[in-house]
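Here is the structure we will look at.
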Amino acid sequence: MSSIVWQEGTKKAKTAISSYANVDLLRPYFDVQPMEVANRLLFSFVPARVSNDANKIHSELYGPVMTCFTLVAVLLYEMKSSDHRVQEGTLMGSAMITVFGYWLGVSALVWLVAYICNAQVKPIQVATLIGYALTSHVAVVLLTTFFHSTQSHKLFYLLWAVLGGLTTLKLVSTFVVRTPGHTERIVLCALVAILHMLFLLYLHFAYHKIVSDLSEVLEQKIGMHHPVAQVGANKPPAAAGSGKAAASAIGAAPLMPKAS
């Protein structure tokens, strides 16, 4: 009996893995026109109307993926323009892990809370909403790269409140109309709003410091593996200078005549 149950479970597990590993299942979520993506990026700043029609949430992944890649590119440009000495692999890897980790991790967490709160939303719809909401992060990080002053953060806080607040209202208004129960709405919307706004604060204040510290640690490890290079780099330039001075003195000294 146990062998039969094991065989059936293994068969179902293999079927599920093969179905999810099939690329054709993801193809409809990337079949979208560029004009539709542009419109959805603009409407990510517009709060949703009161409606119970769950089909109005677009289920596609092309826009969110491109938004994440754009945010990675903006972070790379910001780090390079701010004179941070960071290795290319460290910078690229940390940016990819930060952005895509946030998108996938927060999408999974929000969908889990939405499922517990009995919200009428699908996992792919949550990923779409969270991904398009990152448009505000792209805009804020890009604008502060060109116009931000290191002495004052007033511009950042203004953009954070306006652009980040608009996309937060879009998320909150979308989940409110699809979540029954007053307490469930407060829990789900508060979670979405807090994570969305805090991530933008993290990108502005904490991301640069963490990447810089990581780069310094890696540079120290590389220096430890190359002690010969360190010795050559630490050699004082006075020795070379004194050798040149001695050579020039010898060349300039007059030749003494030989005794007859």
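Heads up, the Cβ atoms here are built off N, Cα and C, so glycines get one too.
The model shown is predicted, which means the values in this text are computed figures rather than measured ones.
Listed in TrEMBL:
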TRANSMEM  61-79  transmembrane segment
TRANSMEM  91-117  transmembrane segment
TRANSMEM  129-149  transmembrane segment
TRANSMEM  155-177  transmembrane segment
TRANSMEM  186-207  transmembrane segment
Same-chain residues near the transmembrane segment (91-117), Cβ under 8 Å, at least 6 residues beyond its ends: 64, 68, 71-72, 75-76, 79-80, 123, 126-127, 130-131, 134, 175, 179, 181, 184-185, 187-188, 191-192, 195, 199, 203, 207, 210-211, 214-215
For the transmembrane segment (155-177), distant same-chain residues with Cβ under 8 A (at least six beyond the ends): 43-52, 57, 114, 119, 121, 129-130, 133, 135-137, 139-140, 143-144, 147-149, 185, 188-189, 192-193, 196-197, 200-201, 204
